[in-house]
Amino acid sequence: TMAATNQTNIRPTSFLLLGMVGLEHLQAWFSIPLCLMYIGALLGNSILLFVIATERSLHRPMYLFLAMLAVADLVLSSSTVPKALGIFWSTSKEMSFHACLTQMFFIHVSFIAESTILLAMALDRYVAICNPLRYAVVFTHLLVAKMGLAAIIRSFCVMFPTLFLLQRLPYCGHRAMPHTYCEHMGIARLACDDISLNIWYGFATTLLSPGVDIVLIGVSYVLILRAVFRLSSKEAQLKAVGTCSSHACIILVFYLPAFFSFFAHRFGHNVPHHIHILLANLYVVLPPMLNPLIYTMRNKAIREKVAQVL
């Protein structure tokens with residue numbers, strides 16, 4: 001019996017990703033916009049990176065953060081979309097246990113890193129508008145590099161424990177996951193043991209990483225708006241609002257679907273499961289596709305350089 005219990009407690013060698021359960025007949029159709037959005041994300045972010053890397057006039061903090069954002073976007077979409085398309089086209093639904101954990105790790109790490117970069121961008125705008133004379137002194141290339149490094153280290157430290165939290169669980173042969181990619185709670189729910197530690201850790205890290213970021217971004221924007229309305233000329237006010245508007249758009253595009261997805265997972269038990277999956281697929285491909293577009297349309301310097309490249 002001892003051998004038998006061990007046999008049932010071992011983790012599965014692979015998981016079976018079922019995609020959009022209940023909407024299987026629409027998966028092929030849904031794969032078309034998903035594929036197009038992914039191609040758009042790849043092209044947009046690659047062009048943006050190329051333009052920022054090759055154009056010396058864009059080697060300023062704001063654009064360097066934008067380049068970091070593009071890298072995070074490429075990692076986020078590339079670690080999920082190709083596999084999701086494979087599932088929708090029924091070419092490969094299997095994923096080994098370790099590949100699943102690796103995918104989960106990269107998804108969450110790039111998400112937390114992106115959240116950290118958005119916070120750095122908010123601080124950058126805050127100093128540029130509220131303390132313009134000190135801007136060049138404060139935002140040096142060294143500080144930008146340190147912030148980029150901090151984003152990577154922070155997201156790594158937050159996500160590293162989840163690998164152990166998932167490996168210690170027994171799965172009792174459960175291996176079918178109604179999703180298109182592996183994420184922390186999706187894997188944990190397959191376990192046949194108490195997962196409250198995973199639930200609390202997931203909840204705490206969400207509140208402490210993206211949660212704190214949102215609060216600090218909010219505070220910096222309140223201070224920015226206060227400073228903007230103290231500016232004497234209407235023209236200066238509009239210019240200040242203009243530089244922040246694209247960043248504000250990206251914040252909304254990034255956080256809204258992610259938080260909806262997160263809270264629906266925790267509390268929305270009457271939200272149909274395929275809506276969860278649909279949103280989860282949108283939040284890994286929609287921001288990466290829209291970010292370069294928003295910045296290219298809203299920023300004259302980037303718009304001109306992109307036009308030259310194309």
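The backbone N, Cα and C atoms fix where each Cβ goes, and this holds for glycine too.
What you are looking at is a predicted structure, and each value in this text was computed from that prediction instead of being measured.
Database features (TrEMBL):
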TRANSMEM  28-51  transmembrane segment
DOMAIN    44-295  domain 'G-protein coupled receptors family 1 profile'
TRANSMEM  63-81  transmembrane segment
TRANSMEM  101-123  transmembrane segment
TRANSMEM  135-161  transmembrane segment
TRANSMEM  207-229  transmembrane segment
TRANSMEM  241-263  transmembrane segment
TRANSMEM  275-295  transmembrane segment
Within-chain partners of the transmembrane segment (241-263) [C-beta distance under 8 Å, separation at least 6 from its ends]: 69, 111, 114-115, 118, 121-122, 125, 128-129, 206, 210, 214, 217, 221, 224, 228, 276, 279-280, 282-283, 286-287, 290-291, 294-295, 297-299
Sequence-remote partners of the transmembrane segment (63-81) [C-beta within less than 8 Å, at least six residues beyond its ends]: 34-35, 38, 41-42, 45-46, 48-49, 52-53, 103, 106-107, 109-111, 113-114, 117-118, 120-121, 124, 141, 144, 147-148, 151, 180-181, 250, 281, 284-285, 287-289, 291-292, 295, 301-302
Long-range environment of the transmembrane segment (135-161) - Cβ separation under 8 angstroms, sequence gap at least 6: 59, 61, 64-65, 68, 105, 108-113, 116-117, 120, 124, 127-128, 201, 205, 208-209
Stretch contact, the transmembrane segment (28-51) with the transmembrane segment (207-229), Cβ-Cβ under 8 Å, 3+ pairs: no
Interface present between the transmembrane segment (275-295) and the transmembrane segment (207-229) (three or more C-beta pairs under 8 A): no
Mean of the pLDDT scores, which run from 0 to 100, over the domain 'G-protein coupled receptors family 1 profile' (44-295): 86
Contacting positions for the transmembrane segment (275-295) when only residues 6+ beyond its ends and CB under 8 Å are counted: 19-21, 30, 34, 37-38, 40-41, 44-45, 47-48, 66, 69-70, 73-74, 76-77, 80-81, 84, 107, 114, 178-181, 183, 246, 249-250, 253-254, 257-258, 260-261, 264-265, 302
